[in-house]
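To keep things clear, I will list the structure first and then write my remarks on it.
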Amino acid sequence: MSGMILDELSWRGLIAQSTDLDTLAAEAQRGPMTVYAGFDPTAPSLHAGHLVPLLTLRRFQRAGHRPIVLAGGATGMIGDPRDVGERSLNEADTVAEWTERIRGQLERFVDFDDSPMGAIVENNLEWTGSLSAIEFLRDIGKHFSVNVMLARDTIRRRLAGEGISYTEFSYLLLQANDYVELHRRHGCTLQIGGADQWGNIIAGVRLVRQKLGATVHALTVPLVTAADGTKFGKSTGGGSLWLDPQMTSPYAWYQYFVNTADADVIRYLRWFTFLSADELAELEQATAQRPQQRAAQRRLASELTVLVHGEAATAAVEHASRALFGRGELARLDEATLAAALRETTVAELKPGSPDGIVDLLVASGLSASKGAARRTIHEGGVSVNNIRVDNEEWVPQSSDFLHGRWLVLRRGKRSIAGVERIG
């Protein structure tokens with residue numbers, strides 16, 4: 001059964017590059033493999049872009065293989081070279097704190113138990129932190145050709161521009177050594193990562209062969225992009241879509257995926273969920289025949305919110321999504337969920353002494369361009385407050401109208417939402 005994992009990855013479109021697939025399939029068929037993926041703590045949280053390699057680890061575990069999640073406590077202090085510009089170096093204490101936070105996130109995606117498939121968490125600072133400069137140059141650097149390293153696309157682009165520091169230039173060597181250490185310690189024979197990591201992973205494959213005489217494998221998954229070319233995983237505010245609920249609320253997370261374009265949603269379902277081929281075919285047919293129902297998008301958002309934030313948070317944000325658009329009770333929403341939902345819209349602050357009539361609130365919240373436009377919308381029956389229609393342009397909110405004593409939900413028409421927050 002364990003060898004079938006490559007067939008699943010293939011039909012899901014999850015193989016971007018690999019070492020010889022026949023050899024890899026034969027090893028997977030012989031019995032459980034140990035597989036790893038690494039994640040550098042360059043921020044306090046992982047983000048949506050990390051999900052594909054993380055979930056691929058989980059697929060391997062479900063197929064009977066043992067996953068290792070590697071937190072880059074050492075490599076995170078350097079940073080993988082980017083196409084443009086040097087990374088800012090973070091303080092060691094900051095990286096250590098982020099490493100622990102990310103370690104906790106990594107542990108949500110694979111199962112830890114005493115079985116042969118029980119996951120392992122490692123931190124590469126354990127073996128890299130004590131590595132002396134002489135050991136690094138003799139035992140690792142000696143195996144790398146500068147000519148080959150200079151031929152890497154990212155390095156060539158950096159050298160053609162502002163250049164690259166020796167620190168970032170050496171990142172590849174440290175990541176390659178991780179593969180050596182994980183093979184020594186755990187018999188790891190497969191590293192997976194994003195397609196942009198191919199050069200680093202292959203360097204590790206070669207270093208294992210040169211230092212240990214062992215054959216190991218590499219497999220990369222596609223980088224996620226939207227069909228229109230926009231970058232995947234950016235929230236409505238332009239920042240990353242973080243897994244930490246304090247950095248990206250469960251509501252914002254859910255809304256990002258429920259708004260996935262029809263052109264992307266089936267591909268995302270293949271990559272981000274464990275739905276079967278038959279279930280995906282049904283959702284693809286529903287999208288083609290009844291796109292307005294957005295069944296595939298709602299399933300994608302639900303699956304991923306449960307995965308990252310749990311069932312209770314998912315139920316809360318699904319109710320919030322319905323309630324904001326008039327299909328549920330706003331009063332049942334807890335304040336944290338309501339506030340997070342409204343902050344994904346425009347929120348007008350209502351301070352003591354500020355104009356608080358409905359016309360002023362519509363303009364302040366951006367739902368109407370002018371007072372005249374606001375009055376017209378009210379007379380046409382297109383304005384509601386807390387899901388109750390307002391047809392009087394002189395309407396002023398009373399204290400009892402504020403949800404949790406603080407919030408109003410304004411809606412113009414069926415889809416345009418804004419919030420009002422009472423301050424002071």
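Keep in mind that glycine also has a Cβ here, set from the backbone N, Cα and C atoms.
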86-90, 101-105, 231-235, 376-380 - the one Swiss-Prot records as motif ''KMSKS' region': 231-235
Annotated motif ''HIGH' region' segment (source Swiss-Prot; candidates 41-50, 121-130, 291-300): 41-50
DSSP three-state assignment for Tyr171 (L-tyrosine binding site): helix
Where the record names Tyr36, Tyr171, Gln175 as binding L-tyrosine, the maximum Cα to Cα distance in Å: 18
Model confidence over the domain 'S4 RNA-binding' (356-413), averaged pLDDT: 96
Tally of DSSP helical, extended and coil residues in the domain 'S4 RNA-binding' (356-413): 19 helix, 12 strand, 27 coil
Spatial neighbours of Tyr36 (L-tyrosine binding site) that are distant in sequence (at least 6 apart) but have CB under 8 A: Leu57, Pro67, Ile68, Val69, Leu70, Glu122, Tyr179, Leu182, Cys188, Leu190, Gln191, Ile192
Packing count at Tyr171 (L-tyrosine binding site) (other Cβ atoms within 10 Å of its Cβ): 18
Around the Cβ of Gln175 (L-tyrosine binding site), the count of other Cβ atoms that are within 10 Å: 28
